[in-house]
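Peer 1: Copied straight from TrEMBL:
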- A:Arg200, A:226-227, A:240-244, A:257-264, A:Asn278: FAD binding site (BINDING)
- A:3-180: domain 'Electron transfer flavoprotein alpha/beta-subunit N-terminal' (DOMAIN)
Amino acid sequence: MAVLVIADHDGAIVRDTTHKTVTAALALSSDVDVLVLGKGAQAVADAAAKITGVRKVLLAEGDAVAHGLAEAVEATVLPLAAGYDAILSPATTDGKNFAPRLAAKLDVAPISDIVEVVSADTFVRPIYAGNALETVQSADAKKVITVRPTAFAAAGEGGSASVESVAAGEAPKTAFVSEEMVKSDRPELGAAKIIVSGGRALGSADEFHAVMEPLADKLGAAIGASRAAVDAGYAPNDYQVGQTGKVVAPALYIAIGISGAIQHLAGMKDSKVIVAINKDADAPIFQVADYGLVADYKTAVPELMAALG
Amino acid sequence: MKVLVPVKRVIDYNVKARVKADQTGVDLANVKMSMNPFDEIAVEEAVRLKEGKEHHAAGTATEIVVVSIGVTQAQETLRTALAMGADRGVLIQSDADLEPLAVAKLLKAVVDEEKPDLVLMGKQSIDGDNNAVGQMLAALLDWPQATFAGKLVIGDGKATVTREVDGGLQTVAATLPAVVTVDLRLNTPRYASLPNIMKAKKKEIAVKAVADYGVDVADRLKVLKVTEPPKRSAGVKVADAAELVSKLKDAGVL
Ligand SMILES: Cc1cc2nc3c(=O)[nH]c(=O)nc-3n(C[C@H](O)[C@H](O)[C@H](O)COP(=O)(O)OP(=O)(O)OC[C@H]3O[C@@H](n4cnc5c(N)ncnc54)[C@H](O)[C@@H]3O)c2cc1C
Ligand SMILES: Nc1ncnc2c1ncn2[C@@H]1O[C@H](COP(=O)(O)O)[C@@H](O)[C@H]1O
């Protein structure tokens with residue numbers, strides 16, 4: 001049995017979501033290939049070839065696959081699919097976008113967001129905002145799976161696989177128009193060891209920046225937000241942590257002025273240590289917090305900055 | 001332009017799901033059910049396309065058909081959509097909880113029949129958390145897809161969609177007919193007014209059976225068990241920031 005992992009990268013480096021997906025793939029089979037799609041992605045392919053356990057890297061290069069359009073991924077992967085028993089990708093917005101499309105083309109049931117590989121045909125995935133875990137056994141000969149990166153350790157960097165070119169597919173009916181990416185020197189939410197996350201309590205975009213950024217800088221942390229904070233325009237959409245945003249599991253998650261709705265908890269309750277700062281002692285966030293500080297963030301955050309030295 | 005909006009009846013988003021003791025699933029007896037929140041956003045956008053709200057030209061949508069696959073009570077979900085401004089409904093009755101592949105195949109059959117120019121739907125159902133049906137429907141139809149829409153502009157035979165993606169926003173233009181799945185920030189759905197709720201009672205809902213469509217809806221996945229995730233228990237309250245920092249240092253995370 002052979003497994004194809006579709007790499008997540010930013011055009012220059014392979015994201016560690018790929019390494020984590022390789023770990024899930026290796027639980028299925030020892031024959032794991034990685035497919036890199038992109039324009040000018042040779043360096044990414046070379047880096048993917050170093051991931052421990054990878055048999056071979058396939059590189060599909062071209063303008064058509066420069067922006068991860070699902071239709072182009074479909075056209076690239078379908079001709080390769082016969083050689084694989086399973087196709088895995090991280091459950092990023094890209095993976096979520098193309099994986100079900102591929103599955104439908106292959107007439108298989110996609111298995112979204114797995115957190116455990118029980119055996120080559122049996123997987124565990126969260127449902128109902130993580131309030132239940134479903135163990136499913138697939139009857140399909142070929143499997144199409146997205147992997148929740150926070151649930152798997154990253155594969156190492158001891159490999160030396162070969163890199164082969166494959167044809168890149170087109171997306172004839174979809175055109176890339178533009179993108180607006182959030183630029184930041186801070187770690188990415190998915191990769192950060194510490195996350196400070198702000199909620200509706202911050203009250204304005206200016207206050208969000210003024211309170212969260214110095215704290216994040218001091219801790220070397222990434223910044224997250226609740227849906228309410230994103231909806232209100234305090235933070236970009238990409239910061240949203242939760243059931244329908246990003247799922248994170250840092251060593252330390254500090255929630256500031258966040259109530260702890262089911263949908264928010266779904267995105268952060270697997271963090272190692274959770275801290276909540278909230279002025280309402282009955283806020284549900286305290287039910288999952290290891291350390292709770294019942295206080296107004298306006299005084300608590302400056303005091304925290306001072307205590308951190 | 002004709003718009004088709006698939007809507008699903010799911011557990012209300014305010015209710016915390018409880019796993020059944022026999023591990024066969026989630027207990028839905030006497031639980032409040034509602035329209036999947038993302039589907040409300042899709043219905044709202046379709047109605048705005050018809051009314052010409054926001055940046056949409058009036059009459060961009062000329063007819064809105066809503067379709068639900070589910071139990072008899074899913075008619076209530078369709079009524080809600082009709083009260084928001086959809087024109088007519090189709091219920092494909094099924095007591096079985098169909099998988100996304102089966103749902104996508106049934107929706108494809110509905111699209112073949114209704115021939116909409118645009119399918120607007122939720123990005124994710126909040127019960128199964130699949131985030132799959134829209135993409136699968138687009139694949140089965142061989143239509144382009146634009147998922148996780150935070151903004152939608154219809155014009156020049158295209159749906160130009162600003163997508164909420166990891167890292168920020170991406171705008172793509174999909175040639176119609178297309179499938180667009182919606183994200184949280186596309187709009188804020190309206191509450192149906194009493195007169196519109198009354199009016200919706202007279203709108204047509206066609207009730208069909210899965211068998212009417214002749215598609216294979218067999219399960220591909222066998223649910224072996226549904227269990228409760230490990231519980232996190234509440235920790236301790238700290239008196240002030242200084243105590244917090246010392247506890248975090250002791251825990252080795254600072
Ligand atoms: C379909 C759907 C999907 C969703 N997906 C997500 C998701 O992915 N992520 C997500 O986060 N939410 C999501 N939500 C929204 C979720 O239900 C909550 O509405 C949201 O998480 C609330 O955000 P909040 O905690 O910032 O705001 P609130 O619930 O308003 O809480 C604000 C908190 O701040 C505290 N506070 C106020 N002032 C101060 C102060 N001065 N100092 C300290 N504390 C203070 C208050 O006590 C309160 O607890 C979703 C909802 C739906 C319907
Ligand atoms: N049973 C159903 N009936 C109608 N629409 C559905 C059904 N299941 C899913 N959908 C649509 O598909 C979207 C994505 O669902 P899912 O892939 O299950 O997360 C939902 O937001 C609905 O628009």
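The backbone N, Cα and C atoms fix where each Cβ goes, glycine too.
Any TrEMBL annotation is an automated prediction that lacks curation.
Help me picture these features in the structure, burial and contacts included.
Peer 2: Residue environment of A:Ala261 (FAD binding site) contains 19 other Cβ atoms, counted within 10 Å of its Cβ in all protein chains.
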Peer 1: Out of A:Arg200, A:His264, which of these binding-site residues shows the lowest number of other CB atoms within 10 Å of its CB?
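Peer 2: Each of the binding-site residues A:Arg200, A:His264 was scored; lowest Cβ tally within 10 Å is A:Arg200.
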Peer 1: Using a 10 angstroms cut-off on Cβ to Cβ distances, just flag whichever of A:Gln240, A:Gln243 is the loneliest among these binding-site residues.
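Peer 2: Comparing Cβ neighbour counts within 10 Å for the binding-site residues A:Gln240, A:Gln243 gives A:Gln243.
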Peer 1: Hey, does DSSP put A:Ala261 (FAD binding site) in a helix, a strand, or just coil?
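Peer 2: The residue in question, A:Ala261 (FAD binding site), is coil (DSSP, three-state).
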Peer 1: Are there any residues in the same chain, six or more apart in sequence, whose C-beta is under 8 angstroms from the C-beta of A:Ile258 (FAD binding site), and if so which?
Peer 2: A:Ser197, A:Gly198, A:Gly199, A:Arg200, A:Ala201, A:Ser226, A:His264, A:Ala276, A:Asn278, A:Ile285
Peer 1: What binding-site residues from A:Arg200, A:Gln243, A:Ile258, A:Ala261, A:His264 have a chain B Cβ less than 8 Å from their own Cβ?
Peer 2: A:Gln243
